[in-house]
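**Q** Would you mind keeping the following structure in view while I ask a few things?
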Amino acid sequence: MTRFVLFISCFFLIGMIVECKDGYLMEYGGCKMSCLMKKGTFCAEECTRMKGKDGYCYAWLACYCYNMPDWVKIWNRATNKCGKRK
């Protein structure tokens, strides 16, 4: 029983340490990656190409990805630069 509790504790600890992020992929210029006129699997393929687990086209407008590595830039409302001049 003690080993089982130890195993579960380690499992949750690893889950907290290896935390990935979810969010919208960004295009050049800081805008969300559009999927309006793309094929149905476009977002899943793009997310996988960026080493994410999966993705989908949110409301047929932008690619949303799950479990993205920390090095991938994702769109953030607070730092949004889409359509703004430098």
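Note: Cβ is positioned from N, Cα and C throughout, glycine not excepted.
Note that the structure is predicted; figures quoted are calculated from it, not measured.
Checked Swiss-Prot, it gives:
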SIGNAL    1-20  signal peptide
DOMAIN    21-83  domain 'LCN-type CS-alpha/beta'
DISULFID  Cys31-Cys82  disulfide bond
DISULFID  Cys35-Cys57  disulfide bond
DISULFID  Cys43-Cys63  disulfide bond
DISULFID  Cys47-Cys65  disulfide bond
MOD_RES   Cys82  cysteine amide
**Q** Pop the Cα-Cα gap between Cys63 (disulfide bond) and Cys47 (disulfide bond) into the table, whole Å please.
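**A** That comes out at 8 Å between the alpha carbons.
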**Q** Need this for a regression test: disulfide-bonded residues Cys31, Cys57, Cys82, filtered to those with Cα within 10 Å of Cys43 (disulfide bond). What's left?
**A** Cys57
**Q** Is it possible to get the count of other C-beta atoms within 10 angstroms of the C-beta of Cys31 (disulfide bond)?
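**A** Its Cβ shell of radius 10 Å holds 16 other Cβ atoms.
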**Q** Averaging the per-residue pLDDT over the domain 'LCN-type CS-alpha/beta' (21-83), what integer do you get?
**A** 94
**Q** I'd like to know which of the disulfide-bonded residues Cys31, Cys35, Cys57, Cys82 sit within 10 A of Cys65 (disulfide bond) at the Cα level.
**A** Cys57
**Q** Rank the disulfide-bonded residues Cys63, Cys82 by the number of other Cβ atoms within 10 Å of each Cβ and report the first-ranked residue.
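**A** Of Cys63, Cys82, the one with the most crowded Cβ is Cys63.
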**Q** CB neighbours of Cys57 (disulfide bond) within 10 A?
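**A** A count of 21.
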**Q** Would you kindly give the Cα-Cα distance separating Cys57 (disulfide bond) and Cys31 (disulfide bond), rounded to the nearest Å?
**A** 15
**Q** How many other Cβ atoms sit within 10 Å of the Cβ of Cys43 (disulfide bond)?
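**A** The Cβ of Cys43 (disulfide bond) has 25 Cβ neighbours within 10 Å.
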**Q** Measuring Cα to Cα, tell me the gap between Cys63 (disulfide bond) and Cys57 (disulfide bond) in whole angstrom.
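**A** It is 5 Å, counting Cα to Cα.
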**Q** Cα-Cα separation of Cys35 (disulfide bond) and Cys82 (disulfide bond), in Å?
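**A** A Cα-Cα distance of 16 Å.
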